[in-house]
Amino acid sequence: MYTILLIGIGGFIGAVLRYSLSGWVQNSFVNFPLGTLVVNIVGSFFLGLVMYLSEYQGLFSEETRILLTIGLLGAFTTLSTFSYESFRLLESSKLMQLTMNIVATVLFSIFAVYLGKISALNLAAYLRGIK
């Protein structure tokens, strides 16, 4: 039950953050789903960071990892919105924007996980140097 509560708390925070950031970014880009792209890239970066700090550096407890990854980042990122917005671009025959959205989301999100990993390794090395 405690784990479910952690996921729910993280999910609430992640959903509110996604709504806020995505809406703020999207206000300037009416014809391209940039808000969803940004939250997915940012979420991927933090997922890479948290997972590497948790799994390989032991900096987070299992409960904190669950709260952050499954709860907060699970609600912050959104495959369903990406899929819906991509389908809408397809329906509107905006094939160039559709291609850009799919390629940018996949490539930048994977690269963001990599940057999260590198950041985690650098942070862990820095923290070891302080001790």
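Placed from the backbone N, Cα and C atoms, the Cβ positions cover glycine too.
Counting every protein chain shown, the Cβ of Thr77 (Na(+) binding site) has 21 other Cβ atoms within 10 Å. Look at Swiss-Prot and you will find Gly74, Thr77 tagged as Na(+) binding site.
Taken from Swiss-Prot, the feature transmembrane segment applies to 4-24 (among others).
Look at Swiss-Prot and you will find 32-52 (among others) tagged as transmembrane segment, backed by sequence analysis.
According to Swiss-Prot, the transmembrane segment annotation covers 66-86 (among others), on the basis of sequence analysis. If you look at the transmembrane segment (66-86), the same-chain residues 6 or more away from its ends with a CB under 8 A from one of its CBs are 3, 6-15, 17-18, 33, 36-37, 39-40, 42-44, 46-47, 50-51, 54, 60, 98, 101-102, 105.
Beyond the transmembrane segment (95-115), the same-chain residues lying 6 or more positions past its ends with a Cβ under 8 Å from any Cβ of the stretch are 31-33, 36-37, 40-42, 44-45, 47-48, 82, 85-86, 89. Taken from Swiss-Prot, the feature transmembrane segment applies to 95-115 (among others), supported by sequence analysis.
For the transmembrane segment (32-52), the residues of the chain that approach it from at least six positions outside its boundaries are 18, 21-26, 60, 65, 68-69, 73, 76-78, 81-82, 85-86, 89, 97, 100-101, 104-105, 108-110, 112-117, 119-121, 123, judged by C-beta separation under 8 angstroms.
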